[in-house]
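Here is the structure we will look at, set down as structure tokens.
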């Protein structure tokens, strides 16, 4: 039986080859699309308000009412949460490859459909937009557990962290791509359709063609996904799924020999389903709870706490941009100009702090380990949040805004060179193959729950304590300063929960998940050598 498991040893010790980079690009383009689709909505929400909620005679341009704004921004999160749970479970039941194609097609169709949102009335346009954004989110949700699991199961043990991090880092390029495309599209519209500022001509400031701009920005999200669909369908099933879950070791070996272009060799006289295990406990069992319960609690809690902080940070962007003059007052611009200015500001933040943070993780994760990076990230986010919150009045005075933006950018940098990357990587490494995709989906869904708390809870919490100063339609909140203090405490809790998560650097997936441990209950007797080169993988 040991001969049959050579394929997993071969994967663990394989040199970095072209197929590794192909897998990064194929899985990464899914993530590029995810980020583009999730974050591009923030570029066009102001425009939607101007087009569909214009009030004659108002001194300010139209804006989405609070409940509509929450629905448009948040419905994709709800879809993502459902998709992470459903496709995570399906990826363990049907195999990674089959489900991978489904999620991509769903993303492409819904990306195009959300741009085609029907009707002319505000209610019909925004209802159909929300409907398709939900299903778009559902497809995106599936991409999280599947991309992470596929990459972890393809990679060798020395550079696995960097490969999974590289897939996740494509998210940074997706945010950047969305911003750059919005800049180009809005600049082209601006040049073609001249319009006065809102304060000069309220109606004329929003040209009819502006309705095409937001639709084009949303629909372009389908292109990168469509480009990689063919390659996604050609990828073989991962060897670990085929060998450990589908129990077909010879098929796994044949697949990997083709992909890696090496001769692995199997014992032909043995049956194809040579892997027998008496240790195949399910998710809802005492064995799982005793062996992986704390790990699952660790991955869920850290991702939940991170996303509360990470997504609520995005709320402060518009206030910061306005405060330092990157975005002028809305009434001094026309509708298309506003899209251009918002996109320019978001692209600058992505370029200076978001993207570098991801790549710091890629280069350092296999050197200093997941645990240290996550601990460092949460700790630094805590420090910077307190530094923003405690002297908050100081930051509001003219001339001090630049310091605020620098600290604010550093919290983004340490989120990405920190828990935003590691919470995605670790659940793909520490659970058994037959539950890997499911557990990653559960962890990711906890994160999305945190994102909803962050995006909506803090939308209300950050309102001024004086109701008369709160945004139209919102009740009084606890103010920005107190909200920042709450976020600092959230990051501190994240630092503490990190201690529940094991380090997985440099170990094979079977070693971390203890799939090559005996099952005492079943009395299985297996001789396992623990040297990294000659280890016999799960043959119970």
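Using the three backbone atoms N, Cα and C, a Cβ is placed for every residue, glycine included.
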Request  = Using TrEMBL as the reference, determine which range in 309-330, 441-462 is annotated transmembrane segment.
outcome  = 441-462
Ask   = So which range, 402-421, 502-521, gets flagged transmembrane segment in TrEMBL?
value = 402-421
Request  = Might you confirm whether the transmembrane segment (124-142) is in contact with the transmembrane segment (371-390), defined here as three or more C-beta pairs under 8 A between residues 6 or more apart in sequence?
outcome  = no
Key: Segment-segment contact (the transmembrane segment (99-118); the transmembrane segment (441-462)) at 3 or more Cβ pairs under 8 Å   = no
Message = Check for me, if you would, whether the transmembrane segment (441-462) reaches the transmembrane segment (68-87) - at least 3 Cβ pairs under 8 Å, residues 6 or more apart in sequence.
response = yes
Non-local residues, at least 6 beyond the ends, that sit with Cβ under 8 Å of the transmembrane segment (124-142) = 33-34, 37-38, 41, 48, 52, 68, 71-72, 75-88, 90-91, 99, 102-107, 110-111, 113-114, 117-118, 441, 444-445, 448
Ask   = Are there at least 3 C-beta pairs under 8 angstroms linking the transmembrane segment (163-192) and the transmembrane segment (212-231), leaving out pairs fewer than 6 apart in sequence?
value = yes
Message = With contact taken as 3 or more Cβ pairs under 8 angstroms (pairs 6 or more apart in sequence), are the transmembrane segment (163-192) and the transmembrane segment (348-365) in contact?
response = yes
